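Lifted from TrEMBL, the feature list:
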type	residues	note
ACT_SITE	CYS322	active site, nucleophile
ACT_SITE	HIS772	active site, proton acceptor
BINDING	CYS185, CYS188, CYS205, HIS218	Zn(2+) binding site
DOMAIN	161-271	domain 'UBP-type'
DOMAIN	313-810	domain 'USP'
DOMAIN	622-663	domain 'UBA'
DOMAIN	684-724	domain 'UBA'
REGION	598-618	region 'Disordered'
Amino acid sequence: MTIEPLDLLRSNLARVRIPEPTNRIYKHECCVSFDTPRSEGGLFIDMCTFLAFGKDFVGWNYEKTGNPVYLHIKQTKKLVPEDRPSKKPTLLAIGIDGGFDNNEPEYEETHSVVILPEYVSLPFPSVELPEKVRLAVDAILLAEGAERKEELAAWTADKKQVSSYAMNLQQIDNGVVIPPSGWKCAKCDKTENLWLNLTDGMILCGRKNWDGTGGNNHAVEHYRETGYPLAVKLGTVTADLEAADVFSYPEDESVLDPQLAQHLAFFGIDFSSLQKTEMTTAERELDQNTNFDWNRIQESGQEVYPIFGPGYTGLVNIGNSCYMAANMQVVFSTRSFISRYYLSQSLKKAFEMSPADPTVDLNMQLTKLAHGLLSGKYSVPAFENDEKENTVTSTTTAKQEGIRPRMFKSVIAASHPEFSSTRQQDALEFFLHFIDQVERANTGKIELDPSRSFKFGIEDRILCSSGKVTYNRRNDYILSLNIPLHEATNKGELESFQKLKEERLAEGKEINADEIVRPRVPLETCLANFSAPEEIHDFYSTALKTKTTALKTAGLTSFPDYLVLHMRRFVMEAGWVPKKLDVYIDVPDIIDISHMRSKGHQPGEELLPDGVPDEEDSNKTWANEEIVAQLVSMGFNHLHCQKAAINTSNVGLEEAMNWLLSHMEDPDIDLPISKGHGSETSTIVDQSKVDTLISFGFQEEIARKALEASGGDIEKATDWIFNNPNASVSSMDATPSTAASTSNDVDLPDGGGKYRLMGIVSHSGTSTLCGHYVAHVLKDGRWVIFNDNKVGASINPPKEMGYLYFFERL
C-alpha cells in the first residue's frame, strides 16, 4: 500500500521541531564533509536537530537518529554575461561594500522537504504543507546559520572602541598652541609619523619599525615617563574627526575619542581647516594589503603550474586563517596523521563514534579535515561545475575550489580566545596548541596518538662550580633555535653592502631591492648553538648553599619521527618593539643530528644533593630578574614569569619559556610564590574533600596533591588530575637534581638522527601577528606550494626563509 507524501509527512510531525532563537542551525555546510548547498546533491537539514548533511551522508544520520524529515537546499549558479569590473577597495574587508571584491558568483536557491528513507520529496513553499512544517522551514531559512558566525569571508579589521580615558582626560594649560603645519618632533628631526599628546601638547615621533623605518619611539617613551594616555596622529585630523587616528597607550590600540574636537581646540587647533597629509594606521594596513609583497615566499615571479587530486586540496582563507592552513597542509602530509585520521578511520566510523552534535567533536572534525584534504574530492578547478565553461582556457590561472575549515577552526579554537578571533596569529603558537589538543583527545590511546610522532625529550646538563652536576629533563614538540648572526658566512659581502648603503645615504638615494644583501647563516650553526655550553650566572647550588656560575649543555634524549625546527626570526627590542631578523638560513635537504643525543648521567659524575633548602635557605627562593624581564617584555604575566624562572632553576630564557607555555593552564599558576619551593604552596587540605575525590576512584595521595595544587577546589582538582594523567606523588615530589627525575622516554618514538626536509612554513610581514603564511611540502618527490586555496608545483621553494622547518626521519 502506497502512502501519500503528505500523509507520510503528517505521520512524522512529531520528529519536526520549530527552532528556538537559541538553537544552533547548520545550513551552509555538512557536519561530516565539506559538501554545501552548491554541491551536486545539495544539503539536507535535519528538521529535528538542525544539523546539515550532504547527499552521501544524510542516510547515516537517519540510521543513527531515526529522524526522517529534512529540508533540502540546493543552490545553482546564475549565468553572468560579463565579468564585473573590479573596484578599488576603501575598507580593509572582503566581500562587503567598500571592501575587496571577491568576485563571488550569484546563486539561485531552491527548497524542498524530503522524507527518508525513501527520499520522498515535497516542494516548498506550498500551502498544502502542514503549518508546523511551514513554520519550521521559514524559521530555518530566516535564521543566522551557526556556520556564519565562524564565516570570515566578509571579515573587517577590528572596530575601534571608545577609549576609557577620553571622557575625563585632563589637559595641562601650559600655553602650547599647535600651528596648522610645519610640525617636527620635539626630541629629534623627524617631520613625519608625528603624534600630538592630548594631555600636554607635546609633538613626538612614532614607533620605530623592525626594518629601521618609522620614528624613534619618542611618543611612546613620553607616555612611559608621564603616563599621559592619548595621542593623535598629526596629518590624519580633518573635518571628519572619526577618521582621525587616536592611539591609547595604556589600552595599546587605536581608539575613538568622542571629545577630540574639544581636546584639539584646547591647543588652538581648528580641525575644520586642516588637510589630510598622513595615512591612518588602518589605511596604511590597507595599503600594505593592496600592494602585498608576495615576493620570494609565494614565488610570485614564477608561473606556478596548478596541481589537483588527492593530497593537493587547498584551504580557503576564512579570514586571516593562513597560519592554520599552512600548518595543516604540512601536518596532514605526515604518515602519522594520514594513518590516524584518513587510512585508519572512515568518516562513517568517526560519525558513529561522535556525540549528538558532531560539529563540536574534535575527532570527527579532524577526520573530516583529513578526508577533505586527502581524498581529492574537493581538489578541482573552481569552474569545473560551471555549465557555461567546460574547457580550461589557461591551466596556470585555474583556481581551486578547496575547502573552508570553519567547523575545524571552531572546535580547535574553542579553548583559546585568540585563535577564535579573526586576527592573524603566530603559526608556531597554533602548531603547539593543535598538537596539545590532539594529544588530549587521544589520552589513554598512546598507540593511536599521532602527536607522539613530533614528541621528543630534551636533557639539560648543568655543571656546578663545585664539580657536581644536575640533569633536567623535559619533553617538547619543537626545537627552538637562535640565529647567531655573527656566524654569517658572507661577511665580506655584508661589509661591501654596508658601504654601499652609506654611500647611497650620503647621496640621498635609496637601495634597490635587488641590491640588498642579507646575512646567510647555516642551519648546522643554529643547531650547534643550541648544544653549545652556556654560562648560567647566579645559579643556586645545593652543594655550595649559595649562588654560583654554572655551565649548561643541552642534548636530545630521543629523536622523533618528525623533527620541527623553529627559527627565532622575531626578537623583541627595547620598548616592546618587535624586530624581524632579515636573514637567510642555509638549510640542506638532509641533516644528521646524531651528535646532539644526550649522554645522560656518566660514571664518576657526582650529582648535586637533593632536597628543599632548609629554613635559613628557604627565604632564597628567587627568580633571575633578567629572565623575568625578557619574558615580561613578550607580554607574559610577571608572576607567571617568576615561577617559570624559579621552576627551571634560572637556567635560561628558553627553558623558562618552555615551562611557561606548558603550565599556563595550571590551576595554581596564579597562586603566590611560597618561600620554599617555587610555585608550590603548602596547603591544609580538607579531609572531606579528599574523601570525595577518593569516591570518584582516585588514589588518596593523588587526590591530596590535586587539592593542594587547586587551592582546595574539588572541580579544579578533578581537572588537574585529568590534565596530569601521569602524575604521582613520587614523581611530583622529585627534584630535578636527580637522574631519576626524568621524563618517561619509554613512550617516546626514537630512532636514527638522519632527517630529510619535508615541509616549510614561511612568513612574510613585519610580525607573526600580521602578514601572510605559506606552506611548501615535499610530495611524491617534488616540492608543492600551498598558498591558501592555491596549490601548485613549486619551482624554487624558499628554503632559506622558513619560520618552521619540518624534517622526516630517514
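We number each residue from 1, going along the chain as drawn.
Note that Cβ sites are derived from N, Cα and C of the backbone, with glycine treated the same way.
Cβ contacts within 10 Å of HIS218 (Zn(2+) binding site), excluding its own Cβ and spanning all protein chains shown: 21. Candidate binding-site residues: CYS188, CYS205. Fewest other C-beta atoms within 10 angstroms, CYS188. Looking only at the recorded positions CYS185, CYS188, CYS205, HIS772, the one with its C-alpha closest to CYS322 (active site, nucleophile) is HIS772. One residue stands out among the recorded positions CYS185, CYS322 for having the most other Cβ atoms within 10 Å of its Cβ: CYS322.
Broken down by DSSP into helix, strand and coil, the domain 'UBA' (622-663) contains 30 helix, 0 strand, 12 coil.
Cα spacing between HIS218 (Zn(2+) binding site) and the residue listed as 'active site, proton acceptor': 30 Å, rounded to the nearest whole number. Within 8 Å of the Cβ centroid of the Zn(2+) site, not counting the listed residues CYS185, CYS188, CYS205, HIS218, the chain contributes ALA186, LYS187, ASP189, LYS190, LEU194, LEU204, GLY215, ASN216, ALA219. When other Cβ atoms within 10 Å of the Cβ of HIS772 (active site, proton acceptor) are tallied across all protein chains shown, the result is 22.
Across the structure, CYS205 (Zn(2+) binding site) and HIS772 (active site, proton acceptor) are spaced 28 Å apart at their Cα atoms. Summarised by DSSP class, the composition of the domain 'UBP-type' (161-271) is 19 helix, 22 strand, 70 coil.
Across the domain 'UBP-type' (161-271), mean pLDDT in this model comes to 87. Taking the C-alpha positions, the distance from CYS185 (Zn(2+) binding site) to HIS772 (active site, proton acceptor) comes to 33 Å. Between the alpha carbons (Cα) of the residue listed as 'active site, proton acceptor' and CYS188 (Zn(2+) binding site) lies a span of roughly 34 Å.
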